[in-house]
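Structure, as structure tokens:
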Amino acid sequence: MTAPAKPTVLQRPTGRPGPLGWPRWFTTLFGTDIWERFSFYGMTAILVLYATEETAAGGLGLSDSDATLLFGLYMASVFLCSVPGGWLGDRLFGASRAVLYGGVLIACGHVSMAVPGHVLFYPGLLLIAAGTGLLKPNMANLLSAFYAPGDRAARDAGFAVFYMSVQVSALAAPVLVGAVGETVDWHLGFGLAAVGMALGLLQYVRGTRHFGDTGAAPSRAATPAQRTRVLRRTLACLAAVTVLYGTDAALGTFRIVHVMALIGLLTVVVPAVFFWRLLRNPLLTPAERIRVKTYIWLFLASALFWAMFLQGGSVFSLFAKESTDRTVGGFTIPTSWFQSATPLFVLLTAPLFAALWKRAGDRLNTAVKFGIGMICTALSYAVMSLAAWQSASGPVSPWWLVAAFLLLAAGEVAFAPVGMSATTAIAPATFVSQMVGLFWLAGALGGGLGGNALKASGDETPSPAYFLTLGLITLSVGLTLILTRAPLGRRLGV
């Protein structure tokens, strides 16, 4: 197998090259990211399955709709936490320490979930969400900081290798963690994810000596007044939440769905406040204000895409568990293994879309690429609708799910990379970080919407009509984006 192209170095190279000739700082970040993604995708592969398992068998005993709500709002929390996580790295800790602190929180969260019983499960989820929100944006910032400002080719190569690492981890984690969690013990599965994160942390701590001063200090350190203001607001929010849920518990009415409701509310309120504050900023020029207003349509399309895509880890997984014939030659395929299909197909389809975008050039603008991604996603739901209809007479062939995951992966490849690129291109020069924050918040809103979709439908399990309705909504948005490509392109400039 041909080794990926070497990312060329650096502003401050130190020491001898590592494996494959890559600089030591790069192998440190690469290895840390692989292990962090292993822990993340391993845990999410079994999360819904554990949540729906009967309590007598060691699970949470949630209904399908409550389990999908839990999964969606957990993913929304990860996206939400990326915004303050990026701020903490930029203004307070520096990217290097932020990655370390985030990894520690993630490891503590996985260890909490590995403890038998349910008491530490939800605190563990919150720790992982907070840690991931701190680690991921600062890992990207740290990687970027090692390259000279004008060395775009090297930077793109480095990020391409990182993207590959995510897919490799997402491919392997469900197989290993899923096999242990489903066939041996759920908490051992969560424990295996904890081991992965611990290995990543160990490698990171050992490798930071190769960083020099890169990422050691905040890029734009907050002033004492700003720190005080943020601290006061944070403490006020924590006090309000404590009073709210403390009163709820004292009255004997507390349920975990009350916490989920707050997270769901935040996924709507926070993006709205972000847009409101950005559009009111007097530093925006009239042309920039038009671009930001038009970007709202792409933001909403992004939220819908993530609402559909993230159900691949919840609703699709439940269909694999309950309505799919998983026995092949006397061997029963663990349900979680189906979660490896998406990263596999991402690796296979990414070169095809890259060639298509290159061949088309400027003839396909951002709206068209978004539309293509939405249509692929809609077709995935059409396949699931047919599979659900056929499952009325018994478990269906696993090839239905394979086809659905192939189309879902194609949608991700067409949509997700273009979304971040377009966001940074559209952003006013002085507000790039805020616009990137909005991009993450589209995922938060999508996670909240997707998590609530099954419960809002009134079905306890996904029906053919459920998949068909969501597919038609997604298809209509995709076609609308393509049909309005000219005016959107003019107003956005991409």
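Each Cβ is built from the backbone N, Cα and C atoms, and glycine gets one as well.
The shown structure was predicted, so the numbers you read here are calculated from the model rather than taken from an experiment.
If you look up TrEMBL, you'll see 67-87, 99-119, 125-148, 160-180, 186-205, 230-247, 296-320, 340-358, 370-392, 398-418, 425-445, 465-484 (among others) marked as transmembrane segment.
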Stretch in 67-87, 99-119, 160-180, 230-247, 340-358 most in contact with the transmembrane segment (296-320), if contact is a CB pair under 8 A:
67-87
Could you give the residue numbers and ranges of same-chain residues that sit at least 6 residues beyond the transmembrane segment (125-148) on either side and whose C-beta is under 8 angstroms from one of its C-beta atoms?
9-12, 25-26, 29, 32-33, 36, 40, 43, 74, 77-86, 88-90, 93, 95-96, 98-99, 101-110, 112-113, 154-155, 158-159, 162, 214-215, 219, 436, 440
Contact call for the transmembrane segment (186-205) and the transmembrane segment (99-119): at least 3 Cβ pairs under 8 Å, seq gap 6+:
yes
Could you tell me what the rest of the chain brings near the transmembrane segment (160-180), counting residues at least six beyond its ends with Cβ under 8 Å?
4-5, 7, 29-30, 33-35, 37-43, 45-46, 143, 188-189, 192-193, 196, 334-340, 342-344, 346-347, 417
So which of 67-87, 99-119, 230-247, 370-392 has the most C-beta pairs under 8 Å when paired with the transmembrane segment (425-445)?
67-87
Within-chain partners of the transmembrane segment (340-358) [C-beta distance under 8 Å, separation at least 6 from its ends]:
41, 164, 166-168, 170-172, 174-175, 312, 364, 369, 401-402, 405-406, 408-410, 412-414
